[in-house]
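Visitor: Below you will find the structure I want to go over with you.
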Amino acid sequence: MAEIRKLKNYINGEWVESKTDQYEDVVNPATKEVLCQVPISTKEDIDYAAQTAAEAFETWSKVAVPRRARILFNFQQLLSQHKEELAHLITIENGKNTKEALGEVGRGIENVEFAAGAPSLMMGDSLASIATDVEAANYRYPIGVVGGIAPFNFPMMVPCWMFPMAIALGNTFILKPSERTPLLTEKLVELFEKAGLPKGVFNVVYGAHDVVNGILEHPEIKAISFVGSKPVGEYVYKKGSEHLKRVQSLTGAKNHTIVLNDANLEDTVTNIVGAAFGSAGERCMACAVVTVEEGIADEFMAKLQEKVADIKIGNGLDDGVFLGPVIREDNKKRTLSYIEKGLEEGARLVCDGRENVSDDGYFVGPTIFDNVTTEMTIWKDEIFAPVLSVIRVKNLKEAIEIANKSEFANGACLFTSNSNAIRYFRENIDAGMLGINLGVPAPMAFFPFSGWKSSFFGTLHANGKDSVDFYTRKKVVTARFPAPDFN
């Protein structure tokens, strides 16, 4: 049996062994094969990375903005040339099917493209005359060393929200990727190096609690970007703020989709199946709840079950597979416990994800509950799995009232052909990202990922103009010029 490779951290342009003696298996969730082992690093490792990044900041922050942008452009080109390899790594580590993995790679590349626009993004503003012979200018400067804490479910797209923009704007970066998806991160590092990135500008430290706390507490780290669960995100926001750091914390979701009587059912069902069960439901923009008007509910449920019956479950590398595994055994057990809870609390199980699934990996089939109420646990909690709850409602107003009861407010969608309903939905729903006749309202890189309520802690969101503000600080210069005498 071949020896399992132990991964190293990436600090100061080199792969270095962690100070730890603890390693965790990285497992292919579709096969349970151990791919490698990742270090559960220590605060010593973070100290080294932070000092390295702080030293690199002194020179990197002074590199001309067009030069930084050129390196990001080179990185984008290399990512594009290695799409298939990157997608393969996502599939074997995360479990997504190849099509979904390629889609994630594409979104990651879009984020890098946006960051490559740093020369225009870094521009400040000025006013030639604020008083007699006085002018003022507003300049942007990088903030310093930035820490990023990324999740397993989008191992390329989410880190590419973070470090490309931060680095393009003149910061240096320490990434703590998920310990479940490190091989993809290794490839990103390799390609970023080839793009011409200097040593110390980008660093990677694998780990768990000690690494997170090290990032939150280290005095050299000035800002933190986090994506993950609500409990951890709330902790990151509070503790990071206590240490006087700038923090953005993108957390949980319970996204509601509203289906009105006039919706095109074929398109609606296709979109909802993709939104609810794509990526095994392990995404913060997944459709978790459908509220459907009573007049169309029976027909909707029939078409939904018919569509779900055609879903192929299995290894994402296999042809035709739509639904891959959840990430780990614990996640599978947790999902099965929610199915039991839904039954106990009186919901009607119309598609049972416990049936006809392989034990070769951590598989849960598409699960649909009908007759769900807002008192039920499966409505309240973020399940983060291929589980969909359906609630029948009298009208749009009731559907919005139900959605607005949730503590989460990442996204919400509406399927209708009524323009007045669209406007009413837009003005009254409590959610930061809305979709009209589409299932996943995740915005492009040049718009903010704009969660509300318990889906986000902070002021400045990821992506868009918010990300430029998050990773920079401003300096306003006011200057008086004595009136010249050219006579």
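Placement of Cβ uses the backbone N, Cα and C atoms for every residue, glycine included.
Here's the feature list from Swiss-Prot:
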type: ACT_SITE; residues: Cys284; note: active site, nucleophile
type: BINDING; residues: Ala150, Phe152, Lys176, Glu179, Arg180, Ser229, Thr251, Glu382; note: NAD(+) binding site
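Could you place these features in context, so I can see how deep they sit and what lies close by?
Guide: Same-chain residues at least 6 positions away in sequence with a Cβ under 8 Å from that of Cys284 (active site, nucleophile) are, in sequence order, Asn153, Val227, Leu250, Thr251, Gly252, Ala253, Asn410, Gly451, Ser455. Annotation note: Cys284 (active site, nucleophile) sits in a coil segment as assigned by DSSP.
Look at Thr251 (NAD(+) binding site): DSSP puts it in coil.
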Visitor: Could you check the binding-site residues Ser229, Thr251 and say which one's CB has the most other CB atoms within 10 Å?
Guide: Thr251
Visitor: Within 10 Å of the Cβ of Lys176 (NAD(+) binding site), how many other Cβ atoms can be counted across all chains shown?
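Guide: Around Lys176 (NAD(+) binding site), other Cβ atoms within 10 Å: 27.
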Visitor: Inside 10 Å of the Cβ of Arg180 (NAD(+) binding site), count up the other Cβ atoms and send me the figure.
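Guide: There are 19 of them.
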